[in-house]
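Asks: Grabbed the feature section from Swiss-Prot, which reads as follows:
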type	residues	note
DISULFID	Cys89-Cys104	disulfide bond
CARBOHYD	Asn90	N-linked glycosylation site
LIPID	Ser1	O-palmitoleoyl serine
REGION	33-61	region 'Disordered linker'
Amino acid sequence: SGSCTTKTCWTTLPKFREIGYILKEKYNAAVQVEVVRASRLRQPTFLKIKQIKSYQKPMETDLVYIEKSPNYCEEDASTGSVGTQGRLCNRTSPNADGCDMMCCGRGYNTHQYTKVWQCNCKF
């Protein structure tokens with residue numbers, strides 16, 4: 001009869017925030033590994049879990065690390081990290097922008113400001 005059907009398929013990426021959340025969860029659950037050199041010729045080098053809590057082999061999608069992360073709270077000139085000291089934080093937030101987390105237990109100072117400006121109001 002001359003009719004034609006077109007089928008179009010596409011894949012979309014999840015929202016950036018969702019990806020960030022998943023990566024943060026994986027980062028928090030990452031396990032430390034150490035490189036084990038082969039003792040004999042033709043034997044491959046492999047990674048071994050450094051601390052055995054309840055041994056569970058990491059899956060291909062899990063994160064592992066060889067060296068511990070630096071202390072992001074403190075300034076580190078070698079990496080260019082400025083740390084968190086002196087940054088503004090949200091006193092009521094339980095997230096990364098919150099003072100409890102961002103200030104790394106050092107405590108924080110609160111300041112109250114009054115802002116005055118012309119509003120061009122007409123009465």
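Each Cβ is built from the backbone N, Cα and C atoms, and glycine gets one as well.
Source: prediction; values computed, not measured.
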Asks: Cα distance, the residue listed as 'N-linked glycosylation site' to Cys104 (disulfide bond), nearest Å?
Replies: 14
Asks: Hey, what's the Cβ neighbour count for Cys104 (disulfide bond) at 10 Å?
Replies: 14
Asks: Would you count the other C-beta atoms found within 10 angstroms of the C-beta of Asn90 (N-linked glycosylation site) for me?
Replies: 14
Asks: Using a 10 Å radius around its CB, how many other CB atoms surround Cys89 (disulfide bond)?
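Replies: There are 17 of them.
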